[in-house]
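Just below is one structure, and these are the notes that go with it.
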Amino acid sequence: AASYEGHEGIVKLLLEKDANVNADGGEYGNALYAASYEGHEGIVKLLLEKDANVNAQGGEYGNALQAASSQGHEGIMKLLLEKDANVNAQGGYFGNTLQAASSQGHEGIVKLLLEKDVNVNAQGGWFGNALQAAASRGHERVVKLLLEKDANVNAQGGWYSNALQAASYGGHEG
């Protein structure tokens with residue numbers, strides 16, 4: 001709760017008393033995930049200094065990297081990636097981190113992930129893949145970035161079945 005709400009002083013006190021930095025449970029899976037989702041960069045740094053598991057799975061968004069990605073917290077993404085967060089981890093609502101960023105139109109995060117050799121065609125999650133996620137929401141610049149990295153325009157899966165249907169459903173002419 002302290003990590004989610006941004007109570008950095010309380011987080012410090014708890015960590016000084018040897019609170020389990022990797023304890024899991026609840027809606028947000030763990031403290032690192034909660035702080036990453038809410039954009040509390042100072043708390044993320046504290047938790048990482050105490051060796052929080054950057055690849056722990058759980059919660060609606062699967063892991064801390066996907067949670068930060070979905071909310072557009074680029075600074076937190078960089079911190080997690082410096083600690084070797086897995087850009088291709090699967091799970092959660094979006095299925096993967098690239099799909100989370102693409103669905104929300106977070107162009108800077110999409111670029112960051114593409115530089116880290118994320119699997120541009122990874123399948124899973126509600127949209128099926130990152131291209132379908134971006135196309136369905138009308139994020140044309142993200143669609144272009146994904147296509148430049150050879151996203152499969154005919155990949156099947158997810159709610160819309162393919163990218164063309166996703167764009168058509170959303171009414172996005174491009």
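Every residue, even glycine, has its Cβ placed from backbone N, Cα and C.
Just so you know, TrEMBL annotations are computer predictions that nobody has curated.
TrEMBL annotations:
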REPEAT    27-59  repeat 'ANK'
REPEAT    60-92  repeat 'ANK'
REPEAT    129-158  repeat 'ANK'
* Structure fact -> Averaging the pLDDT values of the repeat 'ANK' (129-158) gives 96
* DSSP-assigned states of the repeat 'ANK' (60-92) in counts, ordered helix, strand, coil -> 17 helix, 0 strand, 16 coil
